[in-house]
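Quick look at what TrEMBL lists:
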{"type": "SIGNAL", "residues": "1-19", "note": "signal peptide"}
{"type": "REGION", "residues": "104-127", "note": "region 'Disordered'"}
{"type": "DOMAIN", "residues": "215-279", "note": "domain 'GH3'"}
{"type": "DOMAIN", "residues": "316-387", "note": "domain 'GH3 middle'"}
{"type": "DOMAIN", "residues": "411-500", "note": "domain 'GH3 C-terminal'"}
Amino acid sequence: MLLWPLLLLLLLLLLPTLALLRQRWSQDAKLSWLAGLQHRVAWGALGWAATWQQRKLEQSTLHMYQSQQRALRWCLQGAQRPHCPLRGSTDISTFRNHLPLTKASETQEEESGEQLPSPTSHQDLGEDPLQATLLGLVALNKAYPEVLAQGGAACLTLTSPWPGSLPWPGKALGRVSTPGTKDPRVLLLEALRSPGLRALEAGTAVELLDVFLGLEADGEELAGAIAAGNPGAPLPERAAELREALEQGPRGLALRLWPKLQVVVTLDAGGQAEAVAALRALWCQGLAFFSPAYAASGGVLGLNLQPEQPHGLYLLPPGPLFIELLPVKEGTQEEAASTLLLAEAQQGKEYELVLTDRASLTRCRLGDVVQVVGAHNQCPVVRFICRLSQTLSVRGEDVGEDLFSEALGRAVGQWPGAKLLDHGCVESSILDSAVGSAPHYEVFVELRGLRNLSEENRDKLDHCLQEASPRYKSLRFWGSVGPARVHLVGQGAFRALRSALAACPSSPFPPAMPRVLRHRHLAQCLQQRVVS
């Protein structure tokens, strides 16, 4: 079905090439004209594919129950269980009765090299990542028409914010970054050599934060490489512009380097909000942020079709993944919990996502909590709240990721001149730091604008936690839990942590960034870099 359109596009690409050979244009003019034509044809092909995906999405969201029945059938057909009793059946009640809920591991950053099974492998995601990429590109181009012009975008990280790789037309979009580059320094140099960029891309916000921190640390070396022409032709004037931009500090640096810049594209996932806030306040001040999708441990779970929204709102598609919703307030006993289908979601309610693994046919609680904020046809539109796996609990107090982040933000707001860049938490038992004292939290922060933490400032986090959590306040009053201990780490500490995480085969990073560390060697990665 797709063969004839692809052949027609191929013919359109080849005919101008033959015509150019007969003209006496300079070689550069020919290549430039041909690149422009390829870019327009590629956008036509991708636009056609995106329109087809949009129609599929509209149909599936108009008939949610039937769409989820198809998703369930697809899961059951791929089951590798021997003698699976559910083959051929798509009855939801039977499915739930035969397959009890299982809970995802709360410690995915395993110290051992053993690979933890993902709820759904990327090979099983079907068209989902491609759909997210195509619809995301079209939505971004509609909101910012010039950012995806030829040579208008560059990716600064080895990972991409687009969930799926584009088909062959995508290679003609004329990105600045060289496809297949394995050296992140080369990606940054290529972007720095291109002052006309309109969009910056990075795998995630925390990875982009590391890029800007590295740019500040290695700015003189990078400027020297640009001036010397490594890579490419020497650009001494551009090197001088880089030095001048860096001398003015981090605030607004991106727009000084790339005056036409409009938007930053990163993939949204757990633990990214802090980095986005830091980038917005400093290096990327004045720029819009766009995430084409939300990625959880099971793959692409949410589509962003509204790039103009300041905070990510995501459509939960009814397929090909089979997603259920577990009401958060159903209680903690798994036996009493009853899941809902997507069409049964109620606006304003919070749910934990449940994903069925196609290979092992297990219903896995992902731990990602969402709140329903609207609907697209019959399909819920959600915002992501927190990850249950990032809950702190030394005496059963259960301080959630969202609650802790809010309390930390309020505390940092009371530290004069401080801007929070990163944080990580450890329960005291991990570092054996509660010997002779009550169990407590060890909190590591990386800041900009504050080089030392007074005891008064450190105590403010504990006060904010008590204000946010009555249970925590009660345990602190009775002495069952000790005060949170805050440590300031040096620049590069969290970059080292992310390198350690990326080296673990079972780590969720990238894209998800853990904020609660469950293993000693990861906690020590920060502990060894404490400066105050």
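Yeah, the Cβs are placed from backbone N, Cα and C, and that goes for glycine too.
Curation plays no part in TrEMBL annotations; they are all automatic predictions.
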Looking only at the domain 'GH3 middle' (316-387), how are its residues distributed among DSSP helix, strand and coil?
9 helix, 38 strand, 25 coil
The domain 'GH3' (215-279) - residue tally per DSSP class, helix then strand then coil:
37 helix, 6 strand, 22 coil
Secondary structure composition of the domain 'GH3 C-terminal' (411-500) [DSSP: H/G/I, E/B, coil]:
36 helix, 22 strand, 32 coil
Tell me, what is the mean pLDDT of the domain 'GH3' (215-279)?
95
